[in-house]
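Let me begin by handing over the structure; questions about it come next.
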Amino acid sequence: MKVKLLVLLCTFTATYADTICIGYHANNSTDTVDTVLEKNVTVTHSVNLLEDSHNGKLCLLKGIAPLQLGNCSVAGWILGNPECELLISKESWSYIVETPNPENGTCYPGYFADYEELREQLSSVSSFERFEIFPKESSWPNHTVTGVSASCSHNGESSFYRNLLWLTGKNGLYPNLSKSYANNKEKEVLVLWGVHHPPNIGDQRALYHTENAYVSVVSSHYSRRFTPEIAKRPKVRDQEGRINYYWTLLEPGDTIIFEANGNLIAPRFAFALSRGFGSGIITSNAPMDKCDAKCQTPQGAINSSLPFQNVHPVTIGECPKYVRSTKLRMVTGLRNIPSIQSRGLFGAIAGFIEGGWTGMVDGWYGYHHQNEQGSGYAADQKSTQNAINGITNKVNSVIEKMNTQFTAVGKEFNKLERRMENLNKKVDDGFLDIWTYNAELLVLLENERTLDFHDSNVKNLYEKVKSQLKNNAKEIGNGCFEFYHKCNDECMESVKNGTYDYPKYSEESKLNREKIDGVKLESMGVYQILAIYSTVASSLVLLVSLGAISFWMCSNGSLQCRICI
């Protein structure tokens, strides 16, 4: 019995053995990513796919300055409001900037027909040629061309639009007029004009010397006849009369004809348009700065090569796609706080590793060994490099596929098109929701795949070592093996590089394994004896206890004992 107890004590004595473990890199990163199954997973490395910053400035776009309308609206600029005179010389731009509530629009009150459509057309124009379609001095010899209004005053004096002429009677007459222009510019030409609606018949007679005036405008694609509406109206800018403004695009080779016997606000300058689909109109109060950018938003410029942004849905230039997400981060490294249990959609399990190694800094996966010569970490460069190449290619592919940069400007609707505008917003919101969902789902799936990919690589490295060692070592958990033989540094290196010589160490391993197995058998015998003794002893204690209780109860009358023969 003394021998058996001695053997039992020996089995609990710690013995030194050479070991090798498979593990992965860890660091002090606090980056977190989301996956399909988990949120806020801490990882060693990740890349951001969502741009959320801007410089708060208006910048040149690829070296070309924007057209800043300042206190002028698009209407004031294109009609030639006298207060917008500084804009007349501007003929090219990268984009157009309008403030939210510009003061100088149509100085003479009235209705601007299809104004939102005109803005839409101008949003795709990057330059134009302003030219005199009907020269002021020679086109209207029988009419007065100096009509002005106090509502369009400039420097304290009555004035009028720079691109229009207010024709009135001359020498008490207003002869019928007919004027045409043939477009020979090889570009679309924007032509603007107006029709005056006096507040009373007296003004009508004084200005045009007729009570039954008309204005006719005809081209291949446009035909309309206007009749002045003479009526008293509420004063706007101290005017009871109104001017309604109209426009059309004249195709190359087409001719536009103006006929009237009164009330015509004639075109003086027209615009030969050059389209540029990278242009647009934005509404912004951001200040102009000496900066250059590839992407401009109303809030500021974005200088980013990322595929997504959440700064603003309206963009001009080469811009990331707008999404409503607040976080789109793609993992490139490994879990920094790994889970022990099995996980993953794609079958990879590395749960046998409880923690990463901060001591291994030269690779993602590798080894830690311990023997009589010491201990140390070593990265598996081949598997690490293969993983880096694969993940880098995947990230680049995702960015390339999703990084379709473009301009996204708002659509224009007038007050009578509110239902259409609301419907358009709902459609745009629907597309935006789809884009956001697709972007988030893509990142979640790829993050799940990447983490499972790392798990799989660690598992493969473990299996590679296991297949080499076979029964020359035993698995002791936590990704480690304990050798049945002495394994010096040269031996450890052969395991790492896949050249481990199994037969060389098999005999030593067999002897040590048999010794250990013998100890296990002796231990089993001891355990069996102890188990029998324990069972018998506990049974005797139970019987003695029951007997004592029964005797006591019989002696005090609590229990009657009858013996029948």
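Placed from the backbone N, Cα and C atoms, the Cβ positions cover glycine too.
Okay, so Swiss-Prot annotates it like this:
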- CYS59-CYS291: disulfide bond (DISULFID)
- CYS72-CYS84: disulfide bond (DISULFID)
- CYS107-CYS152: disulfide bond (DISULFID)
- CYS295-CYS319: disulfide bond (DISULFID)
- CYS487-CYS491: disulfide bond (DISULFID)
- ASN27: N-linked glycosylation site (CARBOHYD)
- ASN28: N-linked glycosylation site (CARBOHYD)
- ASN40: N-linked glycosylation site (CARBOHYD)
- ASN71: N-linked glycosylation site (CARBOHYD)
- ASN104: N-linked glycosylation site (CARBOHYD)
- ASN142: N-linked glycosylation site (CARBOHYD)
- ASN176: N-linked glycosylation site (CARBOHYD)
- ASN303: N-linked glycosylation site (CARBOHYD)
- ASN497: N-linked glycosylation site (CARBOHYD)
- CYS554: S-palmitoyl cysteine (LIPID)
- CYS561: S-palmitoyl cysteine (LIPID)
- CYS564: S-palmitoyl cysteine (LIPID)
- 1-17: signal peptide (SIGNAL)
- 18-528: topological domain 'Extracellular' (TOPO_DOM)
- 550-565: topological domain 'Cytoplasmic' (TOPO_DOM)
- 529-549: transmembrane segment (TRANSMEM)
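Help me understand the surroundings of these features in the structure.
Mapped onto three states, the DSSP output places CYS59 (disulfide bond) in strand.
Note: CYS84 (disulfide bond) has non-local neighbours LEU69, GLY70, CYS72, GLY76, TRP77, ASN104, i.e. same-chain residues 6+ apart with C-beta under 8 A of its own C-beta.
On its own chain, CYS152 (disulfide bond) has ASN81, PRO82, CYS107, TYR108, SER158, SER159, PHE160, TYR161 as residues at least 6 apart in sequence with a Cβ closer than 8 Å to its own Cβ. CYS152 (disulfide bond) carries a strand DSSP state (E or B).
In sequence order, ASP18, ILE20, HIS369, ASN371, VAL495, TYR505 make up the list of same-chain residues 6 or more apart from CYS487 (disulfide bond) whose Cβ falls under 8 Å from its Cβ.
Long-range Cβ neighbours of ASN27 (N-linked glycosylation site) (same chain, at least 6 residues apart, Cβ-Cβ under 8 Å): THR44, ASN336, THR358. Reduced to three states, the DSSP call for ASN27 (N-linked glycosylation site) is coil.
Other C-beta atoms found within 10 angstroms of the C-beta of ASN28 (N-linked glycosylation site) number 7, with every protein chain shown included.
Within 10 Å of the C-beta of ASN40 (N-linked glycosylation site) there are 9 other C-beta atoms, taking all protein chains into account.
Taking the Cβ of ASN71 (N-linked glycosylation site) as centre and 10 Å as the limit, one finds 14 other Cβ atoms among all the protein chains shown. According to DSSP, ASN71 (N-linked glycosylation site) is assigned to coil rather than to any helix or strand.
Mapped onto three states, the DSSP output places ASN104 (N-linked glycosylation site) in strand.
When other Cβ atoms within 10 Å of the Cβ of ASN142 (N-linked glycosylation site) are tallied across all protein chains shown, the result is 13.
Secondary structure from DSSP puts ASN176 (N-linked glycosylation site) in coil.
In this structure, ASN303 (N-linked glycosylation site) belongs to neither helix nor strand by DSSP; it is coil. Sequence-distant neighbours of ASN303 (N-linked glycosylation site) (same chain, 6+ apart, CB under 8 A from its CB) are ASN55, ALA293, LYS294, CYS295.
Listed in sequence order, the same-chain residues six or more apart from ASN497 (N-linked glycosylation site) with CB atoms under 8 A from its CB number zero; the list is none. A helical conformation is recorded for ASN497 (N-linked glycosylation site) in the three-state DSSP classification.
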If you count Cβ atoms within 10 Å of the Cβ of CYS107 (disulfide bond), leaving out that atom itself, what do you get?
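Excluding its own Cβ, CYS107 (disulfide bond) sees 25 Cβ atoms within 10 Å.
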Name the residues of the same chain, 6+ apart in sequence, whose Cβ is under 8 Å from the Cβ of CYS491 (disulfide bond)?
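ASN371, TYR500, TYR505 - these are the non-local Cβ neighbours of CYS491 (disulfide bond), listed in sequence order.
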Note down the number of other Cβ atoms within 10 Å of the Cβ of CYS59 (disulfide bond), including every protein chain shown.
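Other Cβ atoms within 10 Å of CYS59 (disulfide bond): 24.
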If one measures from the C-alpha of ASN40 (N-linked glycosylation site) to the C-alpha of ASN28 (N-linked glycosylation site), what distance in angstrom results, rounded to a whole number?
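Given the Cα positions, ASN40 (N-linked glycosylation site) is 15 Å from ASN28 (N-linked glycosylation site).
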Translate the DSSP assignment of CYS291 (disulfide bond) into the three-state scheme.
strand
Looking only at ASN104, ASN176, which of these glycosylation sites has the biggest number of Cβ atoms within 10 Å around its Cβ?
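Ranked by Cβ atoms within 10 Å, first place goes to ASN104.
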